[in-house]
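Asks: Would you mind keeping the following structure in view while I ask a few things?
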Amino acid sequence: MQFPLRHANLSEGLRAACGAAAMLLLGEWLGNPLFSWAAIGAFLTSLADSAGSNRARLASMGGFALASTLGGMVAASAAGLSVEAGLLAIMACAGAAGFSRIYGAAVGLVLMLAAGVSAIMADAPVVLWPLSQSHVLIYFAGCLWALLLGLTVWRIHPFAPARQAVARAYGTLAELAAIAAANDLDDPAYAVHAAELAAHTRRHARFDLASAHRALEAVAVERTESRRLYENLLVRLARAEVLLDGITVLADLQLTHYQAPRARQRTGRVLAAIARQLQAMQRDMQRGDAIAADDDARIMLRLRQLVARLPSGTGRLLQRVDTPLAHGGDDPARLKQAARAERAQRVGVSAWFHLLSAAARKAALHVRAGSAEWHHAWRCAAAAGATYLIVHLLELPFGYWATMATMLVMQPSISDSWSRSMERAVGSVVGGVLAVAVCLVVHSPLGLALLVFPLTVLTMALRPVSYGLYATFLTPVFVLVADVGGDPAHELANAALRAGNNVIGAMVAVLASYLFWPRRQQEDPQAQLRRMAQLNLDYLAAALVPAMPAGAGGT
């Protein structure tokens, strides 16, 4: 087993540890053991951070805070009515969280963590007033504290090195275009110097592109899943490579005197405008501005507009190069109209309605097709419901940890659930032993609160490295956070019970993966590729049918 320690994120671990430990110390200072709920909220909110832009982080962390608090209140209210009502509420939360994977791994993680919190809160009655006795509001305050910490004084940018590397590549491209756009090329000595400088700049550009590739490859795999910023960086890097070819052609034409003087002047003005556009892109990426797909499309349209102003002979020569600059370059008016059309964006209520309707259409498509995510939702609901029934029929103390473990272990395929559950089970046992050892040595609530800090650092820092290591340190974190507000006389028994419940939840997840709508990973990639190609061809044929004239099908 290999552990890629280069993916460890110490900054995330320190931020989560500071957030959770601060809530525990505040609770000790106020003499309120319910602040262990605030510590759990701060820790899980840090876990729900999706990285990326501030808007994406606000959506993920703030969405988790609201979803987990409201879901916990609904589950607790339902469980207060009867066990059956609580069972339905837990199954609904788990099923919705499992189905939310259709919107990406980040959304799935946020809602699955929220479903886990609903399982924890289900056995505690909802109290909203007085504030000092409301575990719900104290928990929500802990979530808001972590959100404030993550968006203000302790912002983490996992994509910053990759963003800076791509920005450097665009800066080098702008430098190459600016060299070729110089006005002193009529001087033979300066022309020779400019040609040498352009050759050096091309080498630097290729080196910067290779460095940007390495920076993007260094991003942890879990950060690349369903991250729009990462995808847009990949698109910009791919375009930078083909832009280099196009700018190289134009630079060679400028520096080798193959063009007439008037054509060279016109090409020089176009290259100068391209250099300014690329420099603006470099500044935006260096500042950390959002990289939206529509903004990127407008930039490419602007570059094509500039290329359309090249002399006719130069434009035809550029079209022989496989570069996006040449596509559509023969119609500047159409490009200008398209660029203006791109600026029309939905705002306000219209934008929200459009997003909600698109999400509803996507969900309906998955339901009608009976997709893997749809079956996974039912599997999550059944597994969570089975665990909830087991812990209530057996009257297991702290049984909600088993329900939460089941939700977090469940994966769409059997092989993923098996490996994840084994890591979770082994990690829970080892973590439980570690928690018991700590409780044997430390009996002070203040000492336990201080020990939460290094354990939380290890938990969050090792999460990108190995799920087994993450589960190993996650168990003592939850045990110690809960024991800070508990009875010191029962620390050992509580630690053993929580670890055992984690193992029970992991085992139920494995059994559910085999019994409820099992789905195995396909082992024939060629068959998958053939099926994907056939589906794309069918989609193309269906898309072309409305475009055919009426009566074209029969002659």
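All positions are counted from 1 along the displayed chain.
Placement of Cβ uses the backbone N, Cα and C atoms for every residue, glycine included.
According to TrEMBL, the protein has these features:
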type: DOMAIN; residues: 387-511; note: domain 'Integral membrane bound transporter'
type: TRANSMEM; residues: 21-44; note: transmembrane segment
type: TRANSMEM; residues: 64-90; note: transmembrane segment
type: TRANSMEM; residues: 102-122; note: transmembrane segment
type: TRANSMEM; residues: 134-154; note: transmembrane segment
type: TRANSMEM; residues: 388-409; note: transmembrane segment
type: TRANSMEM; residues: 429-453; note: transmembrane segment
type: TRANSMEM; residues: 465-484; note: transmembrane segment
type: TRANSMEM; residues: 496-517; note: transmembrane segment
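So that I understand the layout, could you describe where these features sit and how close they are to other parts?
Replies: With a cut-off of 8 Å between Cβ atoms, the residues of this chain six or more beyond the transmembrane segment (21-44) that come close are 64-65, 68, 113, 116-117, 120, 132-135, 138-143, 145-146, 149, 445-446, 449-450, 452-453, 456, 477-478, 481-482, 484-486.
Nonlocal intrachain contacts for the transmembrane segment (64-90), taken as residues 6+ away from its ends with a CB within less than 8 angstroms of a stretch CB, comprise 41, 44-45, 48, 110-111, 113-115, 117-126, 136, 139-140, 143-144, 147, 384-385, 388-389, 392, 403.
Counting only same-chain residues 6+ beyond the ends of the transmembrane segment (134-154), those with a CB under 8 A from a CB of the stretch are 15-16, 18-19, 22-23, 32, 34-35, 37-46, 49, 54, 57-58, 61-62, 64-65, 68-69, 72-73, 76, 117, 121, 124, 126-128.
Same-chain residues lying 6 or more positions outside the transmembrane segment (388-409) and placing a CB less than 8 Å from one of its CB atoms are 83, 86-87, 90-91, 94, 97, 112-113, 115-117, 119-120, 122-123, 380, 417, 420-421, 424, 428, 478, 482, 494, 497-498, 501-506, 508-510, 512.
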